[in-house]
Amino acid sequence: MANKLLALSLFLLFSGCFASTFRQQPQQNECQFQRLNALEPDNSVKSEAGTIETWNPNNDQLRCAGVALSRCTIQRNGLRRPFYTNAPQEIYIQQGRGIFGLIFPGCRETYEEPQEQEQGQGPRPQDRHQKVEHFREGDIIAVPTGVPFWMYNNEQTPVIAITLIDTTNLDNQLDQIPRRFYLSGNQEQEFLQYQQKEGGQGQQQEGGNEGGNVLSGFNDEFLEEAFSVDREIVRNIKGKNDDREGSIVEVKEGLKVISPPTLRPRQGREEEEEEEEEEEERRGDRRRHRPHHHEEEEEEEEWSHQVRRVRRPHHHREDRNGLEETLCTLKLRHNIGQSTSPDAYNPQAGRLKTLTSLDFPILRWLGLAAEHGSIYKNAMFVPYYNVNANSILYVLNGSAWFQVVDCSGNAVFNGELNEGQVLTIPQNYAVAIKSLDDNFSYVAFKTNDIPQIAALAGLTSSIRALPLDVVAHAFNLDRDQARQLKNNNPYKFLVPPPQSQLRAVA
């Protein structure tokens with residue numbers, strides 16, 4: 001019987017994994033643009049210790065890409081209350097440091113405080129919880145659908161986090177309006193106004209319970225029995241005694257949780273080695289903290305881990321590194337900021353770093369990836385296109401001139417993109433970027449866990465790969481001109497400024 005149950009569970013799990021490898025397709029003509037626009041947040045919800053800004057998910061560009069965006073600012077000692085969403089999230093830390101946690105149902109609480117004696121009362125109950133991790137500027141944090149997430153700023157610098165929600169991922173069985181299900185508090189839903197505009201009165205009723213969190217609508221008696229607590233605690237659970245504003249609250253005396261040592265600033269390969277050491281330490285923590293009694297529970301835990309293996313064959317391939325990770329031991333963050341080793345680097349033009357599921361396996365489950373780029377003033381990212389993904393680009397610093405061209409050869413965007421603005425670059429649309437500032441940088445969220453780009457100019461371009469005669473006849477050039485077109489640009493992706501504009505080199 002147990003074997004049959006395990007087989008059925010694995011079948012259901014892998015069926016779900018295969019299903020989530022595909023994204024819902026946009027409706028007909030939803031991705032046909034005569035013009036793209038630089039987008040800015042159009043709604044802001046203030047909290048006691050921060051602010052959450054949102055972009056309208058009903059905007060045509062975001063609907064085409066099937067995503068929603070928000071920007072969260074958390075002040076010193078600010079705690080973002082635990083919540084989960086109806087779609088996977090990819091979070092980029094633009095600024096600041098702190099700690100965060102994800103709560104995976106069924107995983108053990110492997111972090112526990114030392115047992116203490118209370119005077120005259122014997123041992124005090126230990127606090128145990130699931131793992132807590134540090135984050136820093138440049139980190140990508142992956143949050144699967146329906147997994148509760150919280151974060152806390154324990155530094156002086158405000159934390160700024162950019163979140164992409166993949167609303168067309170098939171893990172989302174609702175509509176394309178993102179929903180944040182808070183576990184506590186009494187706060188406004190950040191995307192509620194878009195639900196009301198899109199869905200009318202029916203949607204207003206959906207968000208209209210009096211407490212504002214997922215427990216608020218239950219009867220007091222239900223919660224008393226479920227948690228085995230008194231009526232006063234139930235009132236707090238439902239948010240009735242909580243007059244703190246919003247979903248980010250101030251922890252005046254600082255948050256006391258069991259967490260690993262604070263990350264030390266590192267550079268380049270040292271930082272990557274530190275992350276590898278942290279990953280091994282996380283695995284060791286799980287082994288050390290696993291109870292050695294109750295054999296039946298231990299077997300049940302191991303069975304649970306086996307059932308929850310993450311094998312998302314997004315591209316119908318064998319596991320790429322021969323390893324399988326369980327939900328309970330997954331690596332949840334990966335740094336792609338300035339301090340990491342770039343994938344492409346030109347000392348006079350800039351650097352690029354791409355994060356895919358090959359580096360960060362949980363992205364296979366989410367079906368997402370990310371790219372960080374910094375381009376020096378007057379340097380160019382050659383014309384290219386995203387082969388198999390939409391790209392949602394957010395400007396972190398500075399400004400740059402963007403040109404985006406559709407399949408008919410029309411420039412659907414030709415203008416400046418500034419700090420804090422977003423541009424959606426649809427799949428296969430050609431794009432070129434020229435930096436207007438020395439500190440221009442961006443993060444781009446990609447809707448494929450192994451995104452590919454194809455250059456249209458330069459050393460690795462499609463045109464360079466064509467036979468000379470094909471280039472000559474396709475572009476109506478003589479052979480010498482065709483040879484120049486193929487070979488004159490010796491750079492792969494990032495082209496330095498013209499010689500007259502190059503920065504002086506000591």
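The backbone N, Cα and C atoms fix where each Cβ goes, and this holds for glycine too.
In Swiss-Prot this protein carries:
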type     : residues    : note
SIGNAL   : 1-19        : signal peptide
DISULFID : Cys31-Cys64 : disulfide bond
DOMAIN   : 334-483     : domain 'Cupin type-1 2'
CARBOHYD : Asn397      : N-linked glycosylation site
CARBOHYD : Asn439      : N-linked glycosylation site
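Cys64 (disulfide bond) is surrounded by 21 other CB atoms, counting those within 10 A of its CB over all protein chains shown.
Every protein chain considered, the tally of other Cβ atoms within 10 Å of the Cβ of Asn439 (N-linked glycosylation site) stands at 14. On the 0 to 100 pLDDT scale, the model's mean across the domain 'Cupin type-1 2' (334-483) is 96. Assigned with DSSP, the residues of the domain 'Cupin type-1 2' (334-483) fall into helix, strand and coil as follows: 17 helix, 67 strand, 66 coil. According to DSSP, Cys31 (disulfide bond) sits in a coil region rather than a helix or strand.
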